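As written in TrEMBL, here are the features:
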type	residues	note
BINDING	GLY45, PRO46, GLN47, SER48, SER49, GLY50, LYS51, SER52	GTP binding site
COMPBIAS	792-807	compositional bias 'Low complexity'
DOMAIN	35-250	domain 'GB1/RHD3-type G'
REGION	784-833	region 'Disordered'
TOPO_DOM	1-681	topological domain 'Cytoplasmic'
TOPO_DOM	727-833	topological domain 'Cytoplasmic'
Amino acid sequence: MEEDCYATQLINANGEFNRDGLESFLKKVKLADCGLSYAVVAIMGPQSSGKSTLLNHLFRTNFREMDAYSGRNQTTKGIWIAKCIGIEPCTIVMDLEGTDGRERGEDDTTFEKRSALFALAISDIVLINMWCHDIGREHAANKPLLKTVFQVMMRLFSPRKTTLLFVIRDKTKTPLELLEPILREDIQKIWDAVPKPRGHENTHLSEFFNVVVVALSSYEEKEEKFKEEVAQLRQRFLHSISPGGLAGDRQGVVPGSGFSFSAHQIWKIIKENKDLDLPAHKVMVATVRCEEIAREKFNQLTHDEDWLALENAVERGPIPGIGKKLSSILESYLHEYDTQSTYFDEGVRNAKRQELESAILDLLYHVYTTMLGHLRYKAHENFKIRLENSLKKGEGFASSARACAESSIHDFDQGCADAAIQQAGWDSSKAREKLRRDIDAHASTVCSAKLSEIVVKYENQLSTALTEPVESLLESGERDTWASIRKLLKHRTEVEISAFSSAVSGFELDKAKMTTLVQNLMDYARNVVVKKAREEAGKVLILMKDRFSMVFNHDTDSLPRVWTGKEDIRTITKEARSASLKLLSVMAAIRLDEKPDEIENILFSCLMDGIVAHPSSRDRSIGTSSDPLALSTWDEISPEDTLITPLQCKSLWRQFKAETDYTVTQAISAREAYRQNNSWLPPMWAIVAMVILGFNELMLLLRNPLYVLILFVVYLLSKALWVQLDIEGELQRGTLAALLSVSSRFLPTVMNLLRRLAEEAQGYAVPKAPTQSESVVSQSFRQQTPQANALSSSIPESSVSSNISSSDDGVEYSSPNVTHRRTTNIQEEEIST
Ligand SMILES: Nc1nc2c(ncn2[C@@H]2O[C@H](COP(=O)(O)OP(=O)(O)OP(=O)(O)O)[C@@H](O)[C@H]2O)c(=O)[nH]1
């Protein structure tokens, strides 16, 4: 199939540029792929001078030719363009509207000039078609054309060399060797006559043009010869752009991809009648085209499937080797740009390449920063896990945090290097700093938490080690209580601080921080003691009563005291109160600073020595400066260390005394009762009086044996009654009670005794009756209430037998001793509560 020349009208008769037509034509001839390897040929000459016929034979195009039989009418309007068939490299030929045409008249001069300028601006070879018979003629048709060509050539302001190929048509028998000098002379004359711009006055024609002359036989008369000569001429167009070829120096040539834009711009400038600066135009074309190529490449990238997949994937997580992938994308698009822009002006090309690279990098930067975000997050999480594992292994916090931070940041750096694009030189230092800050913040949080755990642990240990011993020491209320507490506090604090220091050594805390923590621990220990002391001070009255009861009710061997009448209750009471007051003096203030004070002396002098002890003296004492307890502070003790103020001490002492007085009273009652119970014999003076006054009767009895027998029988009966009536037991409950009891039971007992004697005398076997003492004791035990049982179990056995008896009606009653024990037990219950 024969190749098409794609003839297209480039500019119509009205001077309108067919941009779309040209684009379409260039696509068909694939000029963009040619780069700079293409040539442009134009033909100009008088109308109907056989231009189209020549081009069609020379380049196998199909420009419209005039029918030889229809007359010499204009066939080519405007400028047409077509591809030369079979000419390498790609050659484009332009057929210009003929000059000097009858239809256009004088006005056509403008179009002639414009089309001539256009042809000269974009063509490498310009064919000037002329009749042979015009050579040497003064008014030849080609002279105005040449003048126009030279004039417009001046406007290009370019020393570009274009080949002017003069094609002499219908050559005559005159040999070309004779015609050519004449033609060149004509050309030179015209050149000389054309006004030249400043600086080009003496410029030679050859600096702008290569002038070549060929002559062809008449197509109409010697067609075969014509075709033969045209075929020869065609050979000169093959590889016309090669060195030594027919084309000019091609300095203004633009790459094939810019041809359309360039041609359009040139025509625009020509139409606007502006000066056409070809070098500037070349730069302008390069700028526009490079921009177009760069824009096209950028758009292609934004729709690139690989890129879009990468952009989506990076949102979901880190992508290994992303830097290389991004680099590859960048390189491939820059390479395409380089390939397509390679023939444009180097300066422009490089500038636009940088712009394209920058735009692509801006696009890729988002992916890079997202990737950095993933890397930073991952490194941060890894740091947390590593630190936790390291701490679980028991390694020191500071060294673990350091090592984990270094390895996490190292991982991040490696990730950054992996994500980096070589061409970009992006800076990851900000993300690195952020990661460092995050790691430091996390390490700081963990450090604080771990330190808090350790601090709490040692605080608890301190609390455990101090609370109960301090409580015990305070409740002992000894003179050296506070010295012992200070010693205990110092010892336990030292032990715990030593252990604490070892425990936190791995944190590598600075000296100030360590000092603060140790001080806090010391303060905590002190506060534990203070808190305990305040707590104990709050229940000092109970403790004092407890102490009083302990001392009062127990002897020196800590055995429960029995009030036998021998005890010195006054001394014992004083001792017990003294112990309680000592406890109060211990509880009155916190003495952790080893400063001497007079609290104990003041309390003893004021309260034990009776200065303000009596309630009646209260009103007189309070408010007087002479009473040391009429104050709300102790002299040597700061308000913070004061647990019980002097006024409170006084008040507590009054309350204490009031509540313990009953105990003392009970003790005194018990002692008196014991004494009475154990002294049933008459006083010594009565016995002596009885012996002296009854001496005669005694002697009388001793002298008469019957009296002695009667006395013996009376003794026996009396003894029997004594035992039967348990008179000794009755007397222990009091004389009056004994008399009443014995008198009420005397007669029945005597009767019972006599009855039994009578029965025994008559020989009846009388069952043995329990003895009075046995029945009384068993009855007594049977009739004891549970409370009495409890009481009896809490007091000595000897006391039970002597203090508990039963009445005739079976109701139990207690001696004063029993009452005293009840009181004691009630106090004990209060203390234990
Ligand atoms: N005498 C002569 N006539 C020719 C020659 N070549 C073509 N012609 C005739 O010239 C007439 C015009 O031919 P075209 O090729 O259309 O001429 P043109 O210059 O393209 O015409 P326009 O495009 O209208 O300017 C036709 O009738 C051709 O037969 C030639 O070599 N000698």
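Each residue, glycine too, has its Cβ placed from N, Cα and C.
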Worksheet entry | Near-site residues: GTP, ref GLY45, PRO46, GLN47, SER48, SER49, GLY50, LYS51, SER52, CB cutoff 8 A to centroid | THR76, GLY98, ASN129
Worksheet entry | Those binding-site residues listed as SER48, SER49, and which of them has the most Cβ atoms within 10 Å of its own Cβ | SER49
Worksheet item: Hey, which of the binding-site residues GLN47, GLY50, LYS51 is the loneliest by Cβ count within 10 Å?
Response: GLN47
Worksheet item: Mean pLDDT for the topological domain 'Cytoplasmic' (1-681), as a whole number?
Response: 86
Response to the item:
Quick tally, other C-beta within 10 angstroms, GLY45, PRO46; top of the binding-site residues is GLY45
Worksheet, complete the sentence: In all the protein chains shown, the tally of other Cβ atoms within 10 Å of the Cβ of SER52 (GTP binding site) is 22
